[in-house]
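**Q** Can you keep this structure in mind? I'll have questions shortly.
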Amino acid sequence: MRGARGAWDFLCVLLLLLRVQTGSSQPSVSPEEASPPFIDPAKSELIVSVGDEIRLFCNDPGFVKWTFEVLDQMNENKQKEWIMQKAEATNTGKYTCTNKHGLSSSIYVFVRDPDKLFLVDRSLYGKEDNDTLVRCPLTDPEVTNYSLKGCQGKPIPKDLRFVPDPKAGITIKNVKRAYHRLCLHCSADRKGQSKLSEKFILKVRPAFKAVPVVSVSKASYLLREGEEFTVTCTIKDVSSSVYSSWKKENSPTKLQEKYNSWHQGDFNYERQATLTISSVRVNDSGVFMCYASNTFGSANVTTTLEVVDKGFINIFPMINTTVFVNDGENVDLIVEYEAFPRPEHQQWIYMNRTFTDKWEDYPKSENESNIRYVSELHLTRLKDTEGGTYTFLVSNSDVSSSIAFTVYVNTKPEILTYDRLMNGMLQCVAAGFPEPTIDWYFCPGTEQRCSAPVLPVDVQIQNTSGPPFGKLVVQSSIDSSAFKHNGTVECKAYNDVGKTSAYFNFAFKEQIQPHTLFTPLLIGFVVVAGMMCIIVMILTYKYLQKPMYEVQWKVVEEINGNNYVYIDPTQLPYDHKWEFPRNRLSFGKTLGAGAFGKVVEATAYGLIKSDTAMTVAVKMLKPSAHLTEREALMSELKVLSYLGNHMNIVNLLGACTIGGPTLVITEYCCYGDLLNFLRRKRDSFICSKQEDHAEAALYKNLLHSKESSCSDSTNEYMDMKPGVSYVVPTKAEKRRSARVGSYIERDVTPAIMEDDELALDLEDLLSFSYQVAKGMAFLASKNCIHRDLAARNILLTHGRITKICDFGLARDIKNDSNYVVKGNARLPVKWMAPESIFNCVYTFESDVWSYGIFLWELFSLGSSPYPGMPVDSKFYKMIKEGFRMLSPEHAPAEMYDIMKTCWDADPLKRPTFKQIVQLIEKQISESTNHIYSNLTNCSPSQQKPVVDHSVRINSVGSTASSSQPLLVRDDV
């Protein structure tokens, strides 16, 4: 080894001597003719093993410089020969020889190291949408499968593309933001074994793809001189390299600002730039702009500063300051005013008396920078003595201001005196405002309607001696000697408000002979005609006051502004596929009866299959029904056929419209209405929703064996079936066995009796509320408004499945205390939303209010809402003022929260039925939810997904059942 090295040294010296000897005789080489140096060994790559010698010689006649590059490191050597006696893996890299002309040659050296296959620079940064290099060059080029792998065996993203280079590393193409914090290894196979480098954590610098988001703490500021002005601008972007600054428009002055910044996550950067002027002056007023920019673009936002030398108050009357109002009417005096600083004292004054109530003052806007306020004085049922000057005063720390309203009360004339004077004059004195006019009339006899005018001989006008702005007194006289016959003189005083009359009856000595025949006949005719008119009017009034039968359910066709447009049910098509032969119906007992019709239990033969019979409910009209009632029942049939089937509504099964009175065939619900069911179950209610109380429930049911079941006669809507022996199943087993949605008749008597003997628990109540919400959500998806949702209108069938119905035809609302007479309608006031009571507005949101009342009924086990409170003016007033019922005894806190949201005074803040379903789903047990889902999947018709009505409705109004509001001004 030493001999070879010595020979090599000798050869190098010899070559140098030859160059020195020949160099002086050769001409100099120009840069244009220069050539790059020659490296020995003459290879582009050199592979050595760790510990071997690296000897590189740069052959060039002039000065040379060696540079060694690996990763981001560079070493230099100004010798022509680069010698590394014991090579290490870190000596792997590119060796470049450069001559004095700047020309260079290079060789890449690999130093194989069995323990170090990769040279690693663990810092790994990449810019979004650009390429980045994973610096893991190889020390041995003779490996395979040089690639990237995820840490801990995780796969790399499918869209990650890379290009390997043994000398530089692996280039990741088109870096994405999703690669941020991606853990990677460089991987290669050597001699059949996979080798991994140290791990890299890729940090991605996001690219700007949008302008910064800029906002300010307030859009405008109003300050007095000397106060501090502070405004904060918030800049949001993906990176801290975003630029921002405060500028004042039309001012080159540099503004002093402070910064505070932080990162919220990897690509959410937020900066706050706060501008402060410690003591403002009037000339500081102007527009300040917060400007931010990145490589994508710029954005800005402005705030306005107004500086005043002192505070101010400006008052703006919203009505004329001179007000005329009729006696007994109401008037509101309204002002708007601007006040800065905030007002400290406000008051209304009348005749040196300060009002302590009847007025309200509030800011016009909830905006923090609002300086505009509203003050209203409410004067109710003004008397004639309450005219005068009403003054509004307001003040703040700097200034005070006021405005006066002059109120005149218009009063109907009042005749103060009417006398016969000693000189034969008749005098009439009247008072009123505006000034009354007095006219005189004469008629012969004792008539009370005189028509012949008489001119007065003396008229005097004087102001009243009462309080200011009071009545004006007018005096008028006539000479009675001008009248030659017995008669009546009328003094009529009138103005714009009304009129009043007084009469003078007098007789002269001569008597006028009355007609002996004509007058009695005329009087008799008038009396008879008057009585007949009165009788006709009474009969007409009673007929018009009689509640008319109509379909409660309304289907919305479209919404125009603030009005619903309903589909006229009479115009809906009727599909004769629903026709069922009358002779296949066998009628039984009456389930319910009302003023217009009744519901009868019946057996239908061959309704589904020719060899089956099933129990159904049939709606029909009474023989005394009018044409309007017949049309209403047909409309109800068309609405039911339009809605289609759903598990939680009483579904249409068929109809008979040909060859006789209209019959509507619907599902039969064995337990009757939910209200009576809850009341029957009060004594056996278990305050738990865990089904592991089944044995306790059965034991309790044995103690209450006399409790009514589906065969009891106490409920008007029950199936009469003979009792059978059976074993009582658990409630969950009973529900699983129910085949809801199938119309095929089967013997359900044992199941019905079993279900009714089961106790009632909290899980049942939650299930009922959940099912009714599902049914109402279905109706809302069909644009249908119920308008009478209550426990009495919910039926219960086997499996404790609830079904929503409309009892309008078969309920005796005349004798039902839940329905209050208003106009020509009887309405369930305690279940109605405020907008329905006061404005006749029926919407999806008013149904949500009624649902909240239904929940209160449900969790009070059938109690009447607002217990002990009659429907009177006090009730209406409490509803207006936001009175709501307390939580019923058995309601969980979550359910009472739902009730309160249903009773929100703002209809838009009430939840939709779809949202209510989602809220209750969180309360019911998994088994109940699973059972209900299974029952829904067994439904014979595929139910369409429920559409949230809040997507379509803006809580607009409609005139519906009654043509007049339920509450007028005199009611409260």
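Backbone N, Cα and C define each Cβ position, glycine as well.
Sharing the record's features from Swiss-Prot:
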type     : residues      : note
ACT_SITE : Asp788        : active site, proton acceptor
DISULFID : Cys58-Cys97   : disulfide bond
DISULFID : Cys136-Cys186 : disulfide bond
DISULFID : Cys151-Cys183 : disulfide bond
DISULFID : Cys233-Cys290 : disulfide bond
DISULFID : Cys428-Cys491 : disulfide bond
DOMAIN   : 27-112        : domain 'Ig-like C2-type 1'
DOMAIN   : 121-205       : domain 'Ig-like C2-type 2'
MOD_RES  : Tyr543        : phosphotyrosine
MOD_RES  : Tyr549        : phosphotyrosine
MOD_RES  : Tyr564        : phosphotyrosine
MOD_RES  : Tyr566        : phosphotyrosine
MOD_RES  : Tyr699        : phosphotyrosine
MOD_RES  : Tyr717        : phosphotyrosine
MOD_RES  : Tyr726        : phosphotyrosine
MOD_RES  : Ser742        : phosphoserine
MOD_RES  : Ser817        : phosphoserine
MOD_RES  : Ser887        : phosphoserine
MOD_RES  : Tyr932        : phosphotyrosine
MOD_RES  : Ser955        : phosphoserine
SITE     : Tyr564        : site 'Interaction with SH2B2/APS'
SITE     : Tyr932        : site 'Interaction with SH2B2/APS'
TOPO_DOM : 26-520        : topological domain 'Extracellular'
TOPO_DOM : 542-972       : topological domain 'Cytoplasmic'
TRANSMEM : 521-541       : transmembrane segment
**Q** Would you mind checking how many other C-beta atoms are within 10 angstroms of the C-beta on Cys97 (disulfide bond)?
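**A** Other Cβ atoms within 10 Å of Cys97 (disulfide bond): 25.
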**Q** On the three-state reduction of DSSP, what should I expect for Cys136 (disulfide bond)?
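**A** Looking at the DSSP assignment, Cys136 (disulfide bond) belongs to neither helix nor strand, so coil.
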**Q** Which of the recorded positions Cys58, Cys186, Cys290, Ser887 has its Cα closest in space to the Cα of Ser817 (phosphoserine)?
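**A** Going through Cys58, Cys186, Cys290, Ser887 one by one, the closest to Ser817 (phosphoserine) is Ser887.
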**Q** Using DSSP reduced to three states, classify Cys58 (disulfide bond) as helix, strand or coil.
**A** strand
**Q** Would you identify the secondary structure of Ser817 (phosphoserine) according to DSSP, in three states?
**A** coil
**Q** Neighbour count, 10 Å Cβ-Cβ cut-off, for Cys233 (disulfide bond): what number do you get?
**A** 25
**Q** For the C-alpha pair, I'd like the distance in angstrom between Cys136 (disulfide bond) and Cys428 (disulfide bond), rounded off.
**A** 120
**Q** How far is it from Cys290 (disulfide bond) to Cys183 (disulfide bond), counting Cα to Cα, in Å?
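**A** Cα-Cα distance, Cys290 (disulfide bond) to Cys183 (disulfide bond): 39 Å.
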**Q** Please report the distance from the Cα of the residue listed as 'active site, proton acceptor' to the Cα of Tyr566 (phosphotyrosine), rounded to the nearest angstrom.
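**A** Their Cα atoms are separated by 17 Å.
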**Q** Any idea what DSSP makes of Tyr932 (phosphotyrosine), helix, strand or coil?
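**A** DSSP assigns Tyr932 (phosphotyrosine) to helix.
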**Q** Quick one: of Tyr566, Tyr932, which of the modified residues has the smallest count of other CB atoms within 10 A?
**A** Tyr566
**Q** Need one number: mean pLDDT over the domain 'Ig-like C2-type 1' (27-112).
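**A** Across the residues of the domain 'Ig-like C2-type 1' (27-112) the model's pLDDT averages 84 on the 0 to 100 scale.
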**Q** Which one is it: of the recorded positions Cys151, Cys186, Cys491, Tyr566, whose Cα lies the shortest distance from the Cα of Ser887 (phosphoserine)?
**A** Tyr566
**Q** Would you mind reading off the Cα separation of Cys97 (disulfide bond) from Cys186 (disulfide bond), to the nearest angstrom?
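**A** With distance taken Cα to Cα, Cys186 (disulfide bond) is 30 Å from Cys97 (disulfide bond).
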**Q** Measuring Cα to Cα, tell me the gap between Cys183 (disulfide bond) and Cys491 (disulfide bond) in whole angstrom.
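**A** Roughly 107 Å, rounded to the nearest whole number.
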**Q** For Cys186 (disulfide bond) and Cys151 (disulfide bond), determine the Cα separation and express it in whole Å.
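**A** Just about 10 Å between their Cα atoms.
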**Q** Taking every protein chain shown into account, which of the disulfide-bonded residues Cys136, Cys151, Cys183, Cys491 has the largest tally of Cβ atoms within 10 Å of its Cβ?
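**A** The most densely surrounded of these disulfide-bonded residues is Cys136.
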